[in-house]
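Notes for the one structure printed next.
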Amino acid sequence: MNIVNTIKDVRLIIKKWKDENLSIGYVPTMGYLHEGHASLIKKAREENDKVIVSIFVNPIQFGPKEDYSTYPRDLVKDSSLCEKFGVDLIFNPETSEMYPNKIYSHINVDILTENLCGEKRPGHFQGVCTVLTKFFNILNPTKAYFGEKDAQQLAVVRKMVEDLNFPIEIIGCPIIREDDGLAKSSRNAYLNKQERKSALILNKSLKEALNALESEEKNSNNIKDIIVSKLNKEPLAKIDYVSIVDSITLQSVEKIQSPILVAIAVYIGKTRLIDNFTFKL
């Protein structure tokens with residue numbers, strides 16, 4: 001397994017693979033890898049001749065009061081996981097390599113970023129789409145793999161790739177959970193013992209919503225009330241948003257008549273966690 005830090009060096013390797021007509025699976029990450037990332041890597045390994053993982057904590061997708069400086073980093077642990085699951089190359093550029101000068105060009109995806117995390121984290125998806133455009137141009141992958149836990153990100157990236165004619169297939173992979181139901185996340189590392197226990201309220205509230213939907217509740221406000229009521233019973237939980245949107249357009253719905261995404265963002269102490277599920281009628 002190679003670990004490469006420069007665009008020049010990684011492009012030389014990519015060119016060699018492309019000259020040999022090898023397919024490339026790409027897993028973009030910010031590092032501090034866990035079983036959720038491992039599931040993406042395994043899927044990429046099954047479907048491609050070569051697998052690349054990028055590890056880059058992207059400064060332009062963080063807001064001024066967010067956790068860029070404290071985001072967990074552990075390249076040794078990450079490298080071990082990548083090697084275990086058969087990654088061929090880790091691309092781990094410095095910030096100065098990706099952004100050597102002040103950046104004036106940005107990628108925006110409208111409409112799909114109006115709600116959910118796009119509303120609550122202004123500029124976040126502009127940063128995500130801009131850095132992914134750079135990575136797609138640098139690495140030229142055949143397929144790229146994203147977790148469904150970041151459901152809005154997955155929808156936004158799919159639309160960007162479609163609109164800008166990137167010759168890349170975007171693959172969504174299911175949420176990976178702890179045994180007790182908490183969605184795997186690098187930010188779970190921030191939680192102390194009590195917060196970790198309290199964080200289970202996210203999955204529990206979504207399960208109650210799913211039960212109501214399966215009992216044919218069609219009013220989205222009633223579903224949201226169920227989630228909010230459950231979350232408010234946890235003293236350490238502070239709701240950022242509870243949203244029910246069309247699973248394709250990500251626009252809010254009142255009456256549930258088509259597939260929906262039920263998505264929540266909740267602060268447990270100072271840690272912001274997200275979770276979701278898709279419900280198909």
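The backbone N, Cα and C atoms fix where each Cβ goes, glycine too.
Under 8 Å, Cβ to Cβ, and six or more positions away along its own chain, GLU148 (ATP binding site) finds LEU154, GLY172, CYS173, PRO174, ILE175, ASN276, THR278. Feature annotation from Swiss-Prot assigns ATP binding site to 30-37, 147-150, ILE176, 184-187; the stated evidence is sequence analysis.
In the three-state DSSP classification, HIS37 (active site, proton donor) falls within a helix. Feature annotation from Swiss-Prot assigns active site, proton donor to HIS37; the stated evidence is sequence analysis.
The feature beta-alanine binding site is assigned by Swiss-Prot to GLN61, with sequence analysis given as support. Following the DSSP three-state reduction, the secondary structure of GLN61 (beta-alanine binding site) is helix. A C-beta separation below 8 Å, combined with a sequence spacing of at least six in one chain, links GLN61 (beta-alanine binding site) to GLY123, HIS124, PHE125, GLN126, GLY127, VAL128, VAL131.
Residues annotated as (R)-pantoate binding site in Swiss-Prot: GLN61, GLN153.
Packing around SER186 (ATP binding site) is summarised by its Cβ count: 19 other Cβ atoms lie within 10 angstroms of its Cβ, all protein chains included. Cβ neighbour counts within 10 Å, taken over all protein chains shown, single out LEU33 as the most crowded of the binding-site residues MET30, LEU33. Of all the recorded positions given, namely HIS37, GLN153, ILE176, the one with the smallest number of surrounding CB atoms inside 10 A is ILE176.
All protein chains included, GLY36 (ATP binding site) registers 21 other Cβ atoms within 10 Å of its own Cβ.
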